[in-house]
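Annotated features, as they stand in TrEMBL:
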- 143-335: domain 'Peptidase M28' (DOMAIN)
- 401-623: domain 'Endoplasmic reticulum metallopeptidase 1/1-A TM' (DOMAIN)
- 640-868: domain 'Endoplasmic reticulum metallopeptidase 1-like C-terminal' (DOMAIN)
- 25-45: transmembrane segment (TRANSMEM)
- 375-393: transmembrane segment (TRANSMEM)
- 405-426: transmembrane segment (TRANSMEM)
- 446-464: transmembrane segment (TRANSMEM)
- 485-502: transmembrane segment (TRANSMEM)
- 508-527: transmembrane segment (TRANSMEM)
- 547-565: transmembrane segment (TRANSMEM)
- 577-599: transmembrane segment (TRANSMEM)
- 611-631: transmembrane segment (TRANSMEM)
Amino acid sequence: MPQQKRVRFKEDELQVKNLHQLESAAVYGALLIVVGCGLLTSYLATTLPPALTVADLERSPNAFIAERAWASLKTLNDMGPKPAGSQANEVMAYEFLLKEVQLIEASKHASQQLDLDSQTVTGAFSISLLNQSMSSMYRNVQNLVVRLVGNDPGHALLLNCHFDTVASSPGASDDGASCAVMLEVLRVMSRKPVRTRHTVLFLFNGAEETMLQAAHGFITQHPWAAEVRAFLNLESSGSGGKEVLFQAGPHHPWLIEAYARAIRHPFAHTVGEEIFQLGLIPSDTDFRMFRDYGEVPGMDFAHIANGYRYHTRYDSMDFLSLEVLQRTGDNVLALTRDLAECDELAATELPTGETVFFDFIGLTFVHYSVSSGRVINVVVALLSIIVPFVGFAKTRFGAVVREVTFGLVGTVLGTVFSIIASTTIARQMDFIGKSMTWYTNTHLILGLYCCPALLAHCFVYLFLTTFYTNDKSDLSLGQMTQARLVGVNVFWSFVTLAATGAGYRSGYIPMVLLVCSLAASTVNNILRAGRTQRRWIYVHLTFQLPALLWSTNFYNVLVQLFVPITGRFGGTRNPEVFISLLAAVGTLLCCSYLIPFIGQLRQMMNFTAKLSAWIVFAVVLACLSPIGFPYRDESMAPEPTPQRHYVTHTFRVFHDEFGLYKSSDAGYFFQEMDRNTRATIEEFVVPGETVTPMRQMDSCQKELFCALPFYSLWHQMRFNNYWLPGPEPVYDNMVTMAYLGTEQLDSQTQRLTFSMEGSIQSSIVVGPKEGVQLVGWSVLDHVPPPAKFSGRDGHFLFITHGLPGKAWNVTLDMRYDQPKATGELVDIVVTTKFWEYHHMHTPDFEQLLARFPSWAHVVPSVAVVSVFPL
């Protein structure tokens, strides 16, 4: 009996039964497969190797023992927050690490040579981020450097961690765990009877959170730095989980080859490197210092799981495990051993170039050169279009091309309207004050944004089916669907080729999808299954399983990475739109090769109605139930997801052009870390009062950089911070900048000399007035471009003190067009920032801090701001 053809779609009851049509259960089965793949990749992402204990030493004497590293981590964790300059960092943490290294030295094998050096270093450098530059000065910060001497001592591999933390965080993951891992790697390697070929340096640096300063001090001033040929930087932007390789090189493919040889548990993606380099992650690492100032290639590793706890009180051992240390330690030890023996470390000339690298859900690691990647991408893109056409060799070409065009147009329009649908809902959620409802319960993203994106794809296909299906086509419905799948191939081929042509190595992501589709088409051609009723579908779905594992893994990793980051995104950018775009892209990646089957469903309207109901249900849950509340503390959930707050009790004192007191005021400075910061402050902390946005303050119109306590230039310039007048804080010390005099260098240049005193974290903003330029200073041998804020240019200098030091002089060379009167040359703002000085917290400040809800992580500080016109 001949098959009946599908007529133009009007309503379900008008469809003519076709042997190629699918029951509604098929779509639910497909969604279950997608969800199942997502759950499987999520499980694999959290699976860690079993931890070894001291009891395993006899069986594995050369293995990494997580229990010993755990003991070191516990000591560092129990010291609490360790910001640079604090007693906990400069004395307690440093002396503990020194003692541990001395114990390792005492237990090393007789054939090993272990050298130890304590570096106290002072220096300065300029740094640029987000198109704004600043200068960074450090004084008497500490490094502990250990050298495990190799047989070829002239070439060394460097391992780096930092033992300082941000204020209010014990820093168990960032970066105490890395230091504990390095101690255990040193212990294991020092007990081997045979030396490694190359020297291995272990740098425990004491000032990373203060803009990477201690690493700069080592790589530019330590005598052993000249030996370094490669480095491994161990970092964290989360708390636990697997460490990801997210930067490598640059331009040194041999490092990736070493990773491929050595690593037992790979987790590495080129796209992570490109995301980081695009500035989408508001962090930086010591990788920058070694790369830019030492010109040394290396690899950057970080834990990214549970980024909610990063830089909070929850970054503690309570939320880590022995298995985390074991996995990281296994990988670092294996990679260190490989690099310490490799030829490349001693080579004078090495091949250069960029590499494409990625793992497949942690099971295997793939890497190849960018030039090979271009060839692979182009070949796969072309074959994914050509090979399916072989299966249509006996079919009218025009009919096939029409359906291929249908599939391409459907995918393009579906993508466009899915983005419109998801971002529209996102804007409405933000408008009604329900931003970040998915922050804790990320599964809400599926209902709020993934389902609307999928629904948009469905409606596009229904629209095209209704108005553009060819009733006279000689293709069966199954063949139509196969041709439309070729249209999806054309879409992803264009994306792959566009990314490749633009120089993005992450074109491998859609390329893998094309490989899976190409494999299915090839098998169907060999089996001649394209004209069968169902067999071609089973082949297609079989090869879609690895594609779904691939795409759902990317969705899980991106959600795991970016959702916590929205908690420190600032309030100026709408996180709803950002996450909705991520969801729309994730939906396209996961479902693009399933959507063409919509045309084969008998009751498509029934499915879209149910999908719409799920969207409504998700919106109701997000807006009207506790599930949609963004934040949790440890009493509300086993995995806390706090809201971040930085509150500075500030005293501002203004001077006249002669340096005499003019006026002063005081208040509380709130930093807006996410979209809900202001609502939390005005609802819980100062109910009935309204905080003033920073840019609306009178001082922002009159004073340089608003005369506010800036310490992190980029964050505070970008964020909408707030001010609340209040009583004066208590402070018992401060950084002073005493004017010593002026020297006329030439007819248009004056040198101002100041004496700086005070070993506390501080910052100086130098703002030349109209017609004046800062052309030289004693901080650096050059003057970086000024930062721009609130209509004024200012040269920002960030200063960190490790150990206390003596006073030092600073000179500023000011050049002007016309002679300037006193007070018309330059404005100077000096800020002293007190972190972890709890004895300075007044009763009023403590009461204000106590009003924050339990799910808020509050970082309090005290600041004194002094303003001088000269």
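The backbone N, Cα and C atoms fix where each Cβ goes, and this holds for glycine too.
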Residues outside the transmembrane segment (611-631) whose C-beta sits under 8 Å from one of its C-beta atoms, at least 6 past its ends, are 425, 429, 432, 434-441, 444, 446-448, 451-452, 454-455, 458, 641-643, 676, 853, 855-856
With a cut-off of 8 Å between Cβ atoms, can you find at least three pairs linking the transmembrane segment (485-502) to the transmembrane segment (547-565)? Only pairs 6 or more residues apart in sequence count.
no
Check: Counting Cβ pairs under 8 Å that are 6 or more apart in sequence, does the total for the transmembrane segment (446-464) and the transmembrane segment (405-426) reach three or more?
Finding: yes
Per the Cβ filter (under 8 Å) with a sequence gap of at least 6 from its ends, the transmembrane segment (25-45) is approached by 241-242, 305, 361-363, 541, 544-545, 548-549, 552-553, 555-557, 560, 590-591, 594, 597-598, 600-601, 607
Highest Cβ pair tally under 8 Å against the transmembrane segment (405-426), stretches 375-393, 508-527, 577-599, lands on 577-599
For the transmembrane segment (547-565), the distant same-chain contacts (Cβ-Cβ under 8 Å, at least six residues beyond its ends) come to 33-34, 37-38, 40-42, 44-45, 238, 269, 280-282, 304-308, 310, 360-361, 438-439, 442, 445, 509, 512-513, 516-517, 578-579, 582, 586, 589-590, 593, 641
